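According to TrEMBL, the features are:
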type	residues	note
DOMAIN	16-339	domain 'Acyltransferase 3'
TRANSMEM	18-34	transmembrane segment
TRANSMEM	40-61	transmembrane segment
TRANSMEM	81-102	transmembrane segment
TRANSMEM	154-171	transmembrane segment
TRANSMEM	178-201	transmembrane segment
TRANSMEM	213-230	transmembrane segment
TRANSMEM	237-255	transmembrane segment
TRANSMEM	261-283	transmembrane segment
TRANSMEM	290-314	transmembrane segment
TRANSMEM	326-343	transmembrane segment
TRANSMEM	363-384	transmembrane segment
DOMAIN	453-669	domain 'SGNH'
Amino acid sequence: MTSRIDASHQSGFRPDIQALRAIAVLSVLLYHLWPNRLTGGFVGVDVFFVISGYLITSHLVREREKTGRIAVARFWARRAVRLLPASLLTLAATAVGVLLWVPRSLWDQFLGEVGAAALYVQNWRLLFDSVDYLAADNQPSPVQHFWTLSVEEQFYVALPLLLIAAMALLRRVAWRKVAVGVLATATAASFAYSLWLTAWSASEAYFSTLTRAWEFGVGALAAFLPLIAWRAMSNALAVAGVALIAVSAVALSGATPFPGAAALLPVVGTALVVWAGGGSFLAPVGASRPVAFTGAVSYAVYLWHWPLIVLLPYATGHPLTTVEKVAIAAAAFTLAWASTRFIENPVRLSPSLLARRRPRTVAAWAAAGMACVLVFPVAASATLRAEEERVLAATESLVETLPDCFGAQAMDPELAPCENPELDAYPLVPAPMDAASDDANRDACWSGPDETVLRVCSLGPDADWERHLMVIGDSHSNVFVGAYARIAEERNWRIDIAGHGGCYWTDALVERSTPVSTDACTAWRGEIADYVAESTDGIDAFVVTRSSDGRDADATTVDGMVSAWGARPDPTVPVIAILDNPRMPAETIQCIEADPETANERCAQPADAVLHDDGQAAAAERDPNATVIDLTEFYCADGTCPVVIGGVVVYRDGHHLTATYAATLGPYLSERLAAALG
């Protein structure tokens, strides 16, 4: 064994690391194309993280030993020259593909993510979306995979600064001890945080820089280990490392909380291979032509494969077939070779470019390239906003006047057959591309899924009201905020609204997607119970809803509602339960946008597939002063649930009503509330 890092050895080409790159990119590619075949293939990303930590730290160590310092600006410039040309080309090509094939309703999300990817903050955008209740139904974008590159770039920015700061503060201590101590501390802290956050919110932890930093840290620490000189030991470590990576790729799945403890498998496995040195059995494997080629283009394959996977179904209009998946794999390698050969290598290896690679010059070119990519989301946003304003004016006019046969009126049995030629002059409202934002909810009436605070808003008069209603429920309740505002004004009612993301009025435990959301719901339910106990005097009725979550309610769910309702201080105060609306496919808006004229023929769903028992009717049967309002006749008819009714787009995603359609339901909801109140 060597007693210290051998600079000449470390700076030489490592075929075994090239083999690791090939393993990593093939794992990711196979996982994305056939997720049920290689369920843990996503660990290829973790392999890349450890490799990056090792190689970048080795480079900084060599520079420090050779020059006595770390030239941060030049280091960043080299990273930019290496990574930006291919990534910006991929982003620009992907943005063009989005504009050509993707429905406009997804432009804001997809091109917004293109912008985030160009600025290397895509992981933070996805992290915020993962905890944003209103973004929970976002479609996978063609640049979603850029989150890993964002994390890497953030590591490249932080690592040299961390080392320089530590060495400046501890000048009297040997710089290697300082570097190892700082890296070990940061790695341990990141791993501990990863364990904690993964347990509490795995979706948030997955994209966080702070939960991934330890993976780079393990690779960085490996750069300070003496390489194994004994071939038998080298082979043993490499075998163990590859085995750990293979086990993780096969045994883990999307259901595994990740990163956290599960990430130890691929991370430790990769570190063992790296520590084994270049003399293991992987060296000749990595030197073979197929593996060497795959490793050499692995970065570009990673860049190109995911946009192809996401965009091709939009271009063809159908899910990927096996033949198309094979074609995507071939196309990814072809594009990777071409971009590496004609874009990446000429920029990276050209002597003339190397001579002019001053940090300021590189920064200027990088900024210019990013600006070119950012043109796409900015221009698309301006176009969408102009069209949105035009349709919004028509929507506001129609909602204000509620002409015959508009929206829910078209389903009114008393008006059948309902025809109004005047509506033909209007486009669909809201426009499908704007449906996702057609939401009348108000912050004052709403608590997010991770919030414990109870927010209650009041609609209608401040005094001398005719009736006082308390509305309690989840987001399926708050889609009616606009309708409630109109009802309150027209009937001189006071309507208080308390909504919470994914939570409702019950005594049963509501299991949410994360422990944080579950605990928040539990706390909010306690707040509701206290509020009801203190505020019952003067309330004429409680109006409740519960989202079915796409499945029929069980006995525990029903019992929980019965118990909560029964705890109201005055049991004679009515409980009015509004039964849930259908739960449609997540891609409903994109289906409508493909051809609005034939939307109902293509996108309508069988009622028995999308209507679920939310348990409220069963709970109401057990409470003598509870009743239900069933609006199903305005969602479905003759066993079918359309997606466009009376010229109105019914859903803004797979299960939330648009504010426009909810407004057209307002008169019917008003009548039934009045009837229930007596």
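A Cβ is built for glycine as well, from the same backbone N, Cα and C atoms used for every other residue.
Keep in mind the model is a prediction, meaning the values are calculated, not measured.
The transmembrane segment (290-314) and the transmembrane segment (213-230) are not in contact, since fewer than 3 Cβ pairs between them lie under 8 Å (pairs 6 or more apart in sequence).
Within its own chain, the transmembrane segment (261-283) has Cβ neighbours under 8 Å at 9, 12, 14-17, 19-20, 43-44, 46-47, 49-51, 54, 194-195, 198, 214-215, 218-219, 222, 225, 227-229, 231, 233-235, 237-245, 247-249, 251-252, counting only residues six or more beyond its boundaries. Using a cut-off of 8 Å between Cβ atoms, the transmembrane segment (213-230) and the transmembrane segment (40-61) share at least three residue pairs, counting only pairs 6 or more apart in sequence.
Counting residues 6+ beyond its ends, the transmembrane segment (40-61) has Cβ neighbours under 8 Å at 5, 7, 10-11, 17, 20-21, 23-32, 70, 75, 148, 151-152, 155-156, 159-160, 163, 179, 183, 212, 215-220, 222-224, 245, 248-254, 256, 258-259, 263, 265-267, 269-271, 274, 302 in the same chain. Counting Cβ pairs closer than 8 Å and at least 6 residues apart in sequence, the transmembrane segment (237-255) and the transmembrane segment (363-384) reach fewer than three and form no contact. A Cβ distance under 8 Å defines the sequence-distant neighbours of the transmembrane segment (178-201), meaning residues of its chain 6+ beyond its ends; these are 57, 61, 130-131, 162-163, 166-167, 170, 208, 210-214, 217-218, 220-221, 224, 257-261, 263, 514-517.
A Cβ distance under 8 Å defines the sequence-distant neighbours of the transmembrane segment (18-34), meaning residues of its chain 6+ beyond its ends; these are 40-45, 47-48, 51, 242, 245, 249, 270, 273-274, 282-283, 285-287, 291-292, 294-296, 298, 301-302, 305-306, 309, 320, 325, 328-329, 332. With a threshold of 8 Å between CB atoms, the same-chain residues lying at least 6 positions outside the transmembrane segment (154-171) that come near it are 52-53, 56-57, 60, 70, 72, 75-76, 79, 120, 123, 178-179, 181-182, 186, 209, 213, 216, 220. Long-range contacts of the transmembrane segment (363-384) within the same chain: residues 77, 80, 84-85, 88, 91-92, 95-96, 98-99, 104, 107-108, 111-112, 114-115, 118-119, 433-434, each at least 6 residues beyond the stretch ends and with a Cβ under 8 Å from a Cβ of the stretch. Long-range contacts of the transmembrane segment (81-102) within the same chain, counting only residues at least 6 positions beyond its ends with a Cβ under 8 Å from a Cβ of the stretch, are 110-111, 114, 117-118, 142-143, 146, 149, 153, 299-300, 303-304, 307, 311, 314-315, 339-340, 343-344, 347-348, 353, 357, 362, 366, 369-370, 372-373, 376-377, 380.
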